[in-house]
């Protein structure tokens with residue numbers, strides 16, 4: 001088996017690029033892409049490093065998308081090996097970012113190098129959109145690059161995001177869409193007082209409880225063939241001074257919707273406000289839009305991805321929309337078709353993160369076949 005993917009993955013993992021740091025990962029990729037005829041554009045916004053690399057000027061435009069930043073390592077004492085000293089043990093590459101997603105970055109780059117060597121006059125264009133702000137607040141990363149591309153009418157036709165989509169074996173699941181995400185920060189106002197004199201106070205916890213119960217029990221929609229029903233979850237709740245004899249003056253609640261294409265964020269907000277008002281609450285609320293739902297249906301990208309996985313691994317992939325958000329949510333609204341295909345996600349964000357070495361080589365082959373099916 002070729003060592004190209006493994007060697008590059010190890011080089012990337014060895015760079016301690018905890019979000020929003022990049023630590024030279026993008027420059028390493030840029031140097032290799034430049035040697036294959038890519039024009040490199042670095043886009044730095046505040047503390048975030050982004051790279052837009054493109055080969056070709058015509059359409060259709062196929063884009064590999066991913067991130068060089070990783071999450072913090074956590075308790076070092078729980079790691080069997082140093083997280084930024086990548087090592088292969090029993091066929092698995094260990095290190096922070098091995099699965100999420102430096103292994104995918106290595107597979108993308110090597111697949112592209114091989115493809116360009118075989119097909120120097122390929123149809124259309126190939127691009128890389130790489131950020132160091134996917135694991136962080138996602139303010140200055142992919143979303144800013146997309147804004148720049150949109151401003152100059154540079155349109156992505158197909159985007160393949162290298163997020164670890166697989167569950168049990170490589171390619172068993174791809175993501176052809178994601179649910180929308182909407183977060184609410186609610187403050188219910190009351191009057192602080194002594195618990196022995198409740199008539200002189202106004203308990204916001206007691207007041208809010210029926211409304212929160214109604215929100216938690218609400219059936220927001222029925223979902224559809226592509227998306228499960230919309231989910232409402234209370235993520236954080238805080239009220240009180242810590243003393244047993246004080247009625248709190250306020251209650252803070254953070255909740256999140258993961259919503260389907262059957263409902264809009266505006267509809268969810270309206271329904272929440274109606275419930276809060278119906279219970280007569282004195283409240284303040286703010287909203288954070290984390291991403292719209294998107295879906296890539298049948299078409300060239302999904303067909304090429306499905307066929308490539310079958311050809312390389314023998315697996316019949318299952319397109320799904322479950323799980324969290326990804327940077328695909330910033331690309332899809334431009335009209336691009338978006339698919340996520342990456343390694344097994346069993347150890348992502350955990351101590352002792354690892355990925356099967358053989359999967360990285362197969363992933364590179366999948367990416368190469370997808371390029372061939374779309375641009376040859």
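Heads up, residue numbers simply count up from 1 along the chain you see.
Just so it is clear, glycine is given a Cβ too, placed from its N, Cα and C backbone atoms.
DSSP assigns residue 67 (Zn(2+) 1 binding site) to a strand in the three-state reduction. Residues annotated as Zn(2+) 1 binding site in Swiss-Prot: 67, 100, 163.
Positions annotated as active site by Swiss-Prot: 69.
The Zn(2+) 2 binding site annotation in Swiss-Prot covers 100, 135, 349 and is backed by sequence analysis. The C-beta environment of residue 135 (Zn(2+) 2 binding site), restricted to residues of the same chain at least 6 apart in sequence and closer than 8 Å, consists of 19, 67, 69, 70, 71.
In the three-state DSSP scheme, residue 134 (active site, proton acceptor) falls into the coil class. Counting only same-chain residues at least 6 apart in sequence, those with a Cβ under 8 Å from the Cβ of residue 134 (active site, proton acceptor) are 19, 66, 67, 69, 141, 142, 326, 327. The feature active site, proton acceptor is assigned by Swiss-Prot to 134.
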Binding-site residues considered: 67, 349; fewest surrounding Cβ atoms within 10 Å belongs to 349
Going by C-beta under 8 A and a gap of 6 or more residues, the same-chain neighbours of residue 100 (Zn(2+) 1 binding site) are 70, 71, 163, 164, 342, 345, 348, 349, 353
Taking each of the recorded positions 69, 163 in turn and counting other Cβ atoms within 10 Å of its Cβ, which one has the fewest?
69
Around the Zn(2+) 2 site (100, 135, 349), what further same-chain residues have their C-beta within 8 angstroms of the site's C-beta centre?
70, 71, 97, 101, 348
67, 100, 163 excluded, remaining Cβ within 8 Å of their centroid (Zn(2+) 1)
66, 101, 104, 134, 135, 161, 162, 164, 326, 342, 348
